[in-house]
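Quick look at what Swiss-Prot annotates:
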ACT_SITE  37  active site, proton acceptor
ACT_SITE  251  active site, proton acceptor
BINDING   129, 299  substrate binding site
MOD_RES   37  N6-(pyridoxal phosphate)lysine
């Protein structure tokens with residue numbers, strides 16, 4: 001059977017990824033534990049991991065769920081993998097067999113770990129999501145050390161991407177108190193906001209910049225390190241036709257032509273992760289020009305005004321990229337954040353490694 005063409009492609013730039021990793025490692029003063037959870041923030045876990053594994057600053061990878069860990073381990077990239085959220089007791093053995101580092105936050109978990117496991121102590125310093133409170137974390141960490149299983153310890157900053165860093169500093173002080181009561185371990189706390197806000201932090205061996213690795217920073221931290229969006233999203237024109245005065249486009253008739261308009265139907269919609277809430281605000285790049293999306297964004301398609309442009313079926317239009325239209329723009333149009341737009345990118349969008 002002939003291979004079918006993708007209607008939409010996410011081009012993943014190796015050069016942008018490498019540049020971002022270099023800049024963040026320099027800013028942090030440590031190696032990186034690169035988060036590739038949620039399909040590498042929508043960029044494609046396998047593509048990103050294969051590209052990043054060749055970078056000298058990447059110590060290993062962090063994932064959110066056991067299935068991600070198993071998939072990543074099967075690639076055989078030779079880099080450590082840390083599971084960030086707790087597995088069930090039944091999952092501990094198989095994950096340890098794969099060499100996956102396991103999070104531990106209780107004495108019960110510390111006792112249940114198989115003898116060949118490697119553990120990272122999860123400390124809750126104020127996020128109140130996962131982990132042991134500092135006083136309990138010390139006891140858990142000491143027990144893991146007694147068993148010879150303690151490789152690392154980590155916490156997570158709740159507000160490091162905000163201008164006010166006072167709470168993040170409190171969190172880090174609590175984490176340092178825990179580290180002082182343990183033998184030397186691989187310690188990590190700084191997410192992207194932490195890396196950009198604080199730079200090198202004492203006692204830390206690794207940094208975990210997530211969204212920043214893919215080229216995005218909070219508005220007040222842009223420019224601290226040179227970051228470039230790694231993904232360019234493009235979609236094919238599937239139909240070109242004329243619409244005449246008084247005629248409407250898409251569901252609900254929200255947009256109505258006041259003049260003859262040439263409309264291109266483009267093969268991407270909200271089922272692919274293009275936010276429906278961006279209706280009435282979104283535009284795409286057609287031959288380098290920002291052109292408005294007309295009417296409601298549909299499940300599989302959207303319609304674009306291409307009047308006075310030379311456009312044919314099969315042409316690519318840029319949905320977002322590095323210059324005129326970014327994920328930040330699309331997130332603003334959709335009333336959300338870059339994380340949600342990127343991780344919502346659907347499986348129908350083909351991920352392609354690019355230069």
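Just so it is clear, glycine is given a Cβ too, placed from its N, Cα and C backbone atoms.
Positions of Swiss-Prot features highlighted on the structure.
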| residue | record | DSSP class |
| --- | --- | --- |
| 37 | active site, proton acceptor | helix |
| 129 | substrate binding site | coil |
| 251 | active site, proton acceptor | helix |
| 299 | substrate binding site | coil |
Quick one: of the recorded positions 129, 251, 299, which has its CA closest to the CA of residue 37 (active site, proton acceptor)?
129
What's the number of neighbouring CB atoms sitting within 10 A of the CB on residue 299 (substrate binding site)?
12
By Cβ count within 10 Å, point out the most packed of the recorded positions listed: 37, 129.
37
Which residues of the same chain, at least 6 positions away in sequence, have a Cβ lying under 8 Å from the Cβ of residue 251 (active site, proton acceptor)?
295, 296, 298
